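Trainee: My questions all concern the structure below.
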């Protein structure tokens, strides 16, 4: 008897396949979607900043050049990080991804030379040392989320070679006057060509500096095999030292000093100098019960929807203007951004050899009021960088998962 009932239900399911071929999720008109999306974004931004209400608009009308440079550098860095994740097909699953990060920029400082040079290899011809003072954020050191070392490679027209390998090291305290270093990463770079920013992940190194100030002896970029020049067959060329022919802005361009206006002109040049960008999670945004465990993982990115007129589930463009749509004047940059949204029917694909689809269809038939069919939801999201004021204090922060880049049926 039970077997006969099951067969009847499955027969009805086959007849109902066409009617179940589209998602049962409600299709909304664009105006309603935008209204809901705007309200969601309003709540997201305030939540990620741990604000109960929008800050009062600042009386400051001019954004300092250094702050604007930090904002632009952060945007560039996030774009690079997203590109690396695309190439590596990696996913970010940390719960700390959700909350906004405070952005701190530390320019290179001129420090005293440490006793860590090779006896026959003076620094300057085989390597460059970069030192930074990050003591101002030590009290929040355990909440470091990400640290990037950025340096601008500039072309060297007089270079004798077209390419050279460089390696980045963390300088360690010497042991019995023997130089010690910790390898961080390496790159093969052109010596000429156009200028380009180089980025290195130095999160572990900076975290160590923040926890133990005495360990902060700086970073060093060195050529791959210092103090040796190799012939094409691999033999060492005696008494000839390979020198670093890669040039860096702010380190090798000494001709910039002493020329022009020392005020605004110098400030404009400074943002091209070597620097660290630190992303910190403020303590008050952590350890909140009930938060984080419900956050979604990131997924792979796709630009398919912007290249094709897809009627089914896809990401749709939606521009949010902070002033017009949210009524906010406290966000200085950007003026708005493409938040996007997911929309479109999800085809209900069911085949005879798909047990999951059969069970899902059976459940949907027996529970007509339930929504067991897949809905079009965000799959991949990107962060947004904003510049805003709290009183007269400018802040640059990264807000995670604010831009919908792709969708999926789930």
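Positions of Cβ are set from backbone N, Cα and C atoms, glycine also.
Residues or ranges marked as signal peptide in Swiss-Prot: 1-23. Taken from Swiss-Prot, the feature N-linked glycosylation site covers 72, 133, 140, and the record attributes it to sequence analysis. Look at Swiss-Prot and you will find 291 tagged as N5-methylglutamine, backed by similarity to another entry. Annotated disulfide bond per Swiss-Prot: 305-314, 313-376, 342-407, 346-409, in sequence order, evidence recorded as similarity to another entry.
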Trainee: Considering only the recorded positions 72, 133, 140, 346, which fall within 10 Å of residue 407 (disulfide bond) when distances are taken between Cα atoms?
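Mentor: Cα within 10 Å of residue 407 (disulfide bond): none.
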Trainee: Let me check the 10 A CB neighbour count of residue 346 (disulfide bond). How many other CB atoms are there?
Mentor: 21
Trainee: List the recorded positions among 72, 140, 313 whose C-alpha is within 10 Å of the C-alpha of residue 342 (disulfide bond), in sequence order, or say none.
Mentor: 313
Trainee: About how far apart, in whole Å, are the alpha carbons (Cα) of residue 409 (disulfide bond) and residue 133 (N-linked glycosylation site)?
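Mentor: For residue 409 (disulfide bond) versus residue 133 (N-linked glycosylation site), the Cα atoms are 48 Å apart.
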Trainee: My understanding is the cutoff is Cβ-Cβ under 8 Å with a sequence separation of 6 or more in the same chain; which residues meet that for residue 72 (N-linked glycosylation site)?
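Mentor: Result: 271.
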Trainee: If you draw a 10 Å sphere on the Cβ of residue 342 (disulfide bond), how many other Cβ atoms land inside?
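Mentor: So the number of other Cβ atoms within 10 Å of residue 342 (disulfide bond) is 21.
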Trainee: Rank the disulfide-bonded residues 313, 314, 409 by the number of other Cβ atoms within 10 Å of each Cβ and report the first-ranked residue.
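Mentor: The largest 10 Å Cβ neighbour count belongs to 313.
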Trainee: Compute the C-alpha separation of residue 133 (N-linked glycosylation site) from residue 140 (N-linked glycosylation site), stating it in Å without decimals.
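Mentor: Approximately 15 Å lies between the Cα of residue 133 (N-linked glycosylation site) and that of residue 140 (N-linked glycosylation site).
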Trainee: List the Cα distance (Å, whole number) between residue 313 (disulfide bond) and residue 140 (N-linked glycosylation site).
Mentor: 43
Trainee: To the nearest Å, how far is the Cα of residue 376 (disulfide bond) from the Cα of residue 140 (N-linked glycosylation site)?
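Mentor: Distance (Cα to Cα, whole Å): 40 Å.
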Trainee: Provide the three-state secondary structure of residue 72 (N-linked glycosylation site) computed with DSSP.
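Mentor: Its secondary structure by DSSP: helix.
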Trainee: Quiz question: given the disulfide-bonded residues 376, 407, which has the greatest number of C-beta atoms lying within 10 angstroms of its own C-beta?
Mentor: 407
